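Chemist: This is the structure, below, for whatever I ask next.
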Amino acid sequence: MAQILPVRFQEHFQLQNLGINPANIGFSTLTMESDKFICIREKVGEQAQVTIIDMSDPMAPIRRPISAESAIMNPASKVIALKAGKTLQIFNIEMKSKMKAHTMAEEVIFWKWVSVNTVALVTETAVYHWSMEGDSQPMKMFDRHTSLVGCQVIHYRTDEYQKWLLLVGISAQQNRVVGAMQLYSVDRKVSQPIEGHAAAFAEFKMEGNAKPATLFCFAVRNPTGGKLHIIEVGQPAAGNQPFVKKAVDVFFPPEAQNDFPVAMQIGAKHGVIYLITKYGYLHLYDLESGVCICMNRISADTIFVTAPHKPTSGIIGVNKKGQVLSVCVEEDNIVNYATNVLQNPDLGLRLAVRSNLAGAEKLFVRKFNTLFAQGSYAEAAKVAASAPKGILRTRETVQKFQSIPAQSGQASPLLQYFGILLDQGQLNKLESLELCHLVLQQGRKQLLEKWLKEDKLECSEELGDLVKTTDPMLALSVYLRANVPSKVIQCFAETGQFQKIVLYAKKVGYTPDWIFLLRGVMKISPEQGLQFSRMLVQDEEPLANISQIVDIFMENSLIQQCTSFLLDALKNNRPAEGLLQTWLLEMNLVHAPQVADAILGNKMFTHYDRAHIAQLCEKAGLLQQALEHYTDLYDIKRAVVHTHLLNPEWLVNFFGSLSVEDSVECLHAMLSANIRQNLQLCVQVASKYHEQLGTQALVELFESFKSYKGLFYFLGSIVNFSQDPDVHLKYIQAACKTGQIKEVERICRESSCYNPERVKNFLKEAKLTDQLPLIIVCDRFGFVHDLVLYLYRNNLQRYIEIYVQKVNPSRTPAVIGGLLDVDCSEEVIKHLIMAVRGQFSTDELVAEVEKRNRLKLLLPWLESQIQEGCEEPATHNALAKIYIDSNNSPECFLRENAYYDSSVVGRYCEKRDPHLACVAYERGQCDLELIKVCNENSLFKSEARYLVCRKDPELWAHVLEETNPSRRQLIDQVVQTALSETRDPEEISVTVKAFMTADLPNELIELLEKIVLDNSVFSEHRNLQNLLILTAIKADRTRVMEYISRLDNYDALDIASIAVSSALYEEAFTVFHKFDMNASAIQVLIEHIGNLDRAYEFAERCNEPAVWSQLAQAQLQKDLVKEAINSYIRGDDPSSYLEVVQSASRSNNWEDLVKFLQMARKKGRESYIETELIFALAKTSRVSELEDFINGPNNAHIQQVGDRCYEEGMYEAAKLLYSNVSNFARLASTLVHLGEYQAAVDNSRKASSTRTWKEVCFACMDGQEFRFAQLCGLHIVIHADELEELMCYYQDRGYFEELILLLEAALGLERAHMGMFTELAILYSKFKPQKMLEHLELFWSRVNIPKVLRAAEQAHLWAELVFLYDKYEEYDNAVLTMMSHPTEAWKEGQFKDIITKVANVELCYRALQFYLDYKPLLINDLLLVLSPRLDHTWTVSFFSKAGQLPLVKPYLRSVQSHNNKSVNEALNHLLTEEEDYQGLRASIDAYDNFDNISLAQQLEKHQLMEFRCIAAYLYKGNNWWAQSVELCKKDHLYKDAMQHAAESRDAELAQKLLQWFLEEGKRECFAACLFTCYDLLRPDMVLELAWRHNLVDLAMPYFIQVMREYLSKVDKLDALESLRKQEEHVTEPAPLVFDFDGHE
């Protein structure tokens, strides 16, 4: 059998798997305040970060770059507390905002969240609580006890109400860990030191106690062993039994002698204590008895942090390895474990009762039976009540208690049992029935109500039936709770709560007999019946048949209610409801035509009998509605021709509902009836529906009546949108026939849809007086030739000129071509060309004329164009062609003219004269074309000359390709002719490079020999000689010595170097020797030929320094030092001075070194040489020579020498040297020592060193040389870190004016910084306040505003203070300052701008009082600005109390759009006082939120009738009909009185008004009132009044209508009665009694 475990273990995840470094898993870096978050401080590289692990999503840790010494997460939300030093901050991570911050006076060594909004802070001396609420600061709770001195604080706990506080610490003493705790009572403000390691508080309710007790549990490990203590802290609550202290041993295994408790948590649900030790052991204890339930090791590593695990009421923790573990009670096993393994049945029972756990059923049954048998009924009842899962709360148990008779003077055992059950919780169904039966028998219904409210009873249908006999409303509550729909609805009906029936039935899904219910409701209240009927049909699927509901209304003659119901019921317009729709419309057309008209107008219904309704509409005078319903064309045509009786807009829309044929028939009928009257309307219809009716049919319709005007207007409305060519053609024809030539022009110009050929033919046939439309069409569609022919043949040459001059000059070439085709006179054509001033293509004109071989025709015009300065290539091209064809000096023209297109003219000349083609191509650099012409015509000489002159490498590469068959002929001409003729070196150079690029060395030698050796101009050309020799070295080495000997003007050094690299050493030596480059020659002898003897002989023979130097260097390399030095001296060569100086320095021979360096300086002037020479002179004490030397030109490092002299104390020499090298900083320091201040300042400026400036500045200040000090200071203040020291130096000595002058002068500096502007502003506030505002206005953005704010406030500079507050966005303070000091700080624009930005709205209201006091005339401007932020009700009240409402009338108007009651009433009051009745009427119509009746009562007494009319209007709007009618009667507004009486639906009021008209003799009003109040007047009363006043004739129309209605009603009632009699044979009527069980 598997082992039974009372606890369950779970590993949630491992921190290392989430990327957490094991080094960061520890007490100092990881915190866990609850089971929601784990927070770890990490350091990745140099970057500190905080990692937050959400336990609900641990695989997605949140990492934030936060540097903090400690971080703890809020136990409930994503709020983190951070500590850095003494600074504490709380941030909301989700909102990304800082919530609170505080700086402690002492270091916080431990802190912890003790609730969701409180952090406990522990310092070395005290404990504080810091609440997140409001702006509260940490509050000190208690001072730390001396027993915790030197302890490491590891925990802090509080009870649930934070009345008991506990601080836990540990320390190492005598080779063991000692725990120290301090328990503090908040109420008693006393502490108690306790030895302990881990502790927790618990709220535990013992059996028999009314309230839970606060228990304090703590564990300790001392030298004698471990103990767990459980005690109650504080006084027990009233009526509670005190908790008996428990102290039990805590077992530590022998192998864990150094183990001790580290954590404790309470499992509140199960009443257990979880105790964790350092070695990872879990101890589980019963909280009430202290019994140890189990002990087990759950972790091999220390669990250093724990928290309650709320989902399981267990404990969760983290160990050193990074495992996140939780432990909880195993509910399925723990009772069995306690009973069977621990052999502790009492513990099992307590656990089962406490947590309602299974496993102890037999124990409970046995105990219950034992107690019951002993007569301990109360105890047995408690056992039954507390038994888990309700195992004893059965009918048998109730019967057992019922069987026991009650003792005299005592409650029966059954009632005792029920009482205990009620104390424990809710009764079940059986218990509830039995108890209620007993209570109701005793007449104690109030107990039943109390238990129901407390939810102590399980409601059922049986319970409701039981209660209903006593209280139906109480039974309704029971039925609702028991979910018995039939009984609930029955109770609703019996109690008159009809509207709740539908809602409840829908909610619970129950379906009663709705018609039966409705008929009963209707008899009780028609209005409630209407509402009930609406609820029955408000869903998509009605709950009852609508026809049956309508029958119920008609049975009771409720026409108005029936109409209202049907409008709601039929709103979905279903086809199946057609008959109902017909009934509704017929009913209202007979009784209320205006209602029917409204219904039809809204087009709510579409499925009624339209033919029947159409007839009724016609009879009711609704002609428009009748026309909409007619379907027969004869009826429609008969009605539609009466257009003067119909709304034109409606009629146009009506045609949209007709078929195409019917629409055309109706239009035909309308035009036939009265074309003058109906033409415009027909055009509108045709325009709107032309797509449906067909444009062609409509055109034929208008043409059949010869109405071109109508056709023009119709087509004009659609032509801009139509793509039909016929439409555009017909429109053009109609426009022509109606004389609309301008419109013809427009459509011809803009339209792209007509057939141009047809339009052109029509316009030609139309013979219009203005040919412009024809011109436009021909121009647009390329009929220019036809146009010219037409115009020319019809003698309309004037329009040809108009066309080319005004319409489209660009068509001139085509026009000229056409004129040439009709053999027009050349003079006319020339004149026409000359007359055109617009832009046209010369190319096209030339092409047109050239096609016809009439090019010379253009000569005069072309020459005139050129004389006018025309530079167009086409013009010059044409002229060139004419000159070429006429042989009129064409070559001269081609060479001199700069504007023709060379490619065009060259191509023109190719077949005529290739030479001219070359001229043209050469002029335009048409390379490929020229080469092609030359090759085709064997013009190689011209081609060679062109290539040489062209100097284009790419072109050369093209012609020198191997694929060029003419390359050899071309090269011959280049060599023989082109290069011989040229005098341009660049041409030669490009040509040679081209041959080199083409890799033609033999041809290149041939070319170069021709140039260089044949005594040409370029024979002495250096580069060409170089190239010839180099080419020979590359291609033919046998010629090299010959060329070297014959030529004299080549680069010897380069040639010799190339010869060396090509192993031609003798040739190289010959070149060097020939050109006297003996040093190079001896180098060849030494390095390449390798003969030193020959080299020495050569040096003796030459006796040149360079030669000796070469020889000396070689000797030095052979260690011949003495000989080498002699050679250097003979060669006068200091080049190896480094080696010489090093050797001389080692021998310390300064005199010889001076001689060598002097020689070397004469030759080399090297810096090192001169530096060493200066130092050598200094060392040899030759000061005068030193001064002469440094004053003369030199390249020495004088600074180094000066430093060496300065270090050795030679200051005069150093001064000379520093002066020479301009080391002004060191020189200034030297001069300060010598007392030369002026020179020191000058040199400081040159040095530009802050340290030097400070030193000189302070020295000048001490000497009161303020001018020099300011000069120095300007270079110091630009360094922010130096400014404070400089200012202190000035101010300590009282030089304030000088300091201000210094800072003012410094503001213009390029490096001016914020500190300068800030400090100057502060100085102004102290010593020159009049200049401060100007300074701030200029430089506010560059000052430290908080610092200047403090200074301005201290100096009472209010205007400046406001300015700064505004710029710093502290608008509240700015407004307060302006209101506190208005004479100095208030400015209107500034105030209005700032007041809108304040955060405290209260300031807006204070501003209103401020303006009333100081600026009342500007109050409206302020109100308009503040309007979005003001409470308008408060504002109106404020000005009303101040008696200033008229002053703010503009404001009231501006905010009335908010429809605020106070604003409306205040403005209405003002308008009344001003007698502005129009404004008042507009106000009350637009804004209805005011006391209508109060205003009406005021206005009815007004002396102006207009205001009394408004009063009547208000009474009417508020259903005060009698007052409204009386006012109308008084002011003789009889029509209004009748309308108000009719709208009131008050028959008595209408009757009184009718009688009043008779009393006043208003016969016409009597008749009008009969019509207006028709449905409110009783016919018998009207008949009597008419007869008595002899007005029967006036009343006759009324009686006729009444008779008609009564006859209709009688007919309908007769039909209904017949139907009812038929139904009576089917079923007998049932009384209004509801059972709802499916039976009546």
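Just so you know, glycine gets a Cβ as well, placed from its N, Cα and C.
The N-acetylalanine annotation in Swiss-Prot covers A2, and the record cites similarity to another entry as its basis. Annotated phosphoserine per Swiss-Prot: S67, S1167, S1229, S1494, in sequence order. Here Swiss-Prot flags Y184, Y899 (among others) as phosphotyrosine, drawing on similarity to another entry. Per Swiss-Prot, the feature phosphothreonine maps to T394; the stated evidence is similarity to another entry. As annotated by Swiss-Prot, N6-acetyllysine applies to K856, K1441, K1501, with the evidence given as similarity to another entry. Residues or ranges marked as N6-succinyllysine in Swiss-Prot: K1441 (among others). Swiss-Prot lists 196-257 with the feature region 'WD40-like repeat 5'. According to Swiss-Prot, the feature region 'WD40-like repeat 6' maps to 258-301. Feature annotation from Swiss-Prot assigns region 'Heavy chain arm' to 524-1640. The feature repeat 'CHCR 6' is assigned by Swiss-Prot to 1274-1420.
Looking at the shown structure, can you explain where the listed features end up?
Modeler: Using a 10 Å Cβ-Cβ cutoff, S67 (phosphoserine) registers 12 neighbours.
Within the same chain, residues at least six positions away from Y184 (phosphotyrosine) with a Cβ under 8 Å of its Cβ are V127, M141, F142, W164, L165, L166, L167, V190, S191, Q192.
Taking the Cβ of T394 (phosphothreonine) as centre and 10 Å as the limit, one finds 14 other Cβ atoms among all the protein chains shown.
For K856 (N6-acetyllysine), the Cβ neighbour count at a 10 Å cut-off comes to 13, with all displayed protein chains included.
A simple way to gauge crowding: the CB of Y899 (phosphotyrosine) has 15 other CB atoms within 10 angstroms, across all the protein chains here.
Taken residue by residue with DSSP, S1167 (phosphoserine) is part of a helix.
For the recorded site, K1441 (N6-acetyllysine), the DSSP three-state label reads helix. Listed in sequence order, there are no same-chain residues at least 6 apart in sequence whose CB falls under 8 Å from the CB of K1441 (N6-acetyllysine).
DSSP assigns S1494 (phosphoserine) to a helix.
Neighbour count (other Cβ atoms within 10 Å of the Cβ, all protein chains): 9 for K1501 (N6-acetyllysine).
Per-residue confidence over the region 'WD40-like repeat 5' (196-257) averages 91 (mean pLDDT, predicted model).
If you look at the region 'WD40-like repeat 6' (258-301), the same-chain residues 6 or more away from its ends with a CB under 8 A from one of its CBs are 5-7, 9, 154-155, 176-177, 179, 197-204, 206, 215, 217-221, 226, 228, 230, 246-248, 250-252, 307-308, 313-315, 317, 319-321, 323, 325, 327-329, 331, 334, 337-338, 342, 344, 347, 350-351, 354-355.
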Chemist: If you run through the repeat 'CHCR 6' (1274-1420) with DSSP, how many residues end up as helix, strand and coil?
Modeler: 112 helix, 0 strand, 35 coil
Chemist: What is the number of other Cβ atoms found within 10 Å of the Cβ of S1167 (phosphoserine)?
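Modeler: Other Cβ atoms found within 10 Å: 13.
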Chemist: Looking only at the region 'WD40-like repeat 5' (196-257), what are its DSSP counts of helix, strand and coil residues?
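Modeler: Reading the DSSP string over the region 'WD40-like repeat 5' (196-257) gives 3 helix, 30 strand, 29 coil.
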Chemist: Using a 10 Å cut-off, grab the number of neighbouring Cβ atoms around the Cβ of S1494 (phosphoserine), all chains included.
Modeler: 12
Chemist: Tell me, by DSSP, whether Y899 (phosphotyrosine) is helix, strand or coil?
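Modeler: The three-state answer is coil.
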Chemist: By CA distance, which of the modified residues (S67, K856, S1167, S1494, K1501) lies nearest to Y899 (phosphotyrosine)?
Modeler: K856
Chemist: Round to the nearest Å and give the CA-to-CA distance linking K856 (N6-acetyllysine) with S1167 (phosphoserine).
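Modeler: K856 (N6-acetyllysine) and S1167 (phosphoserine) have their Cα atoms 85 Å apart.
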Chemist: Select the closest residue to S1167 (phosphoserine) from the following modified residues, measuring between CA atoms: S67, T394, S1494, K1501.
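Modeler: When the Cα distances are compared, S67 comes out closest.
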Chemist: May I ask for the distance between S67 (phosphoserine) and S1494 (phosphoserine), taken between their Cα atoms and rounded to an integer number of Å?
Modeler: 69
Chemist: Summarise the region 'WD40-like repeat 6' (258-301) by DSSP state, stating how many residues are helix, strand and coil.
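Modeler: Going by DSSP assignments, the region 'WD40-like repeat 6' (258-301) contains 0 helix, 25 strand, 19 coil.
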Chemist: May I ask you to report the DSSP-based helix, strand or coil state of K856 (N6-acetyllysine)?
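Modeler: SS state of K856 (N6-acetyllysine) = helix.
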Chemist: Secondary structure at Y184 (phosphotyrosine) (DSSP, helix/strand/coil)?
Modeler: strand
Chemist: Please report the distance from the Cα of K1501 (N6-acetyllysine) to the Cα of S1494 (phosphoserine), rounded to the nearest angstrom.
Modeler: 12
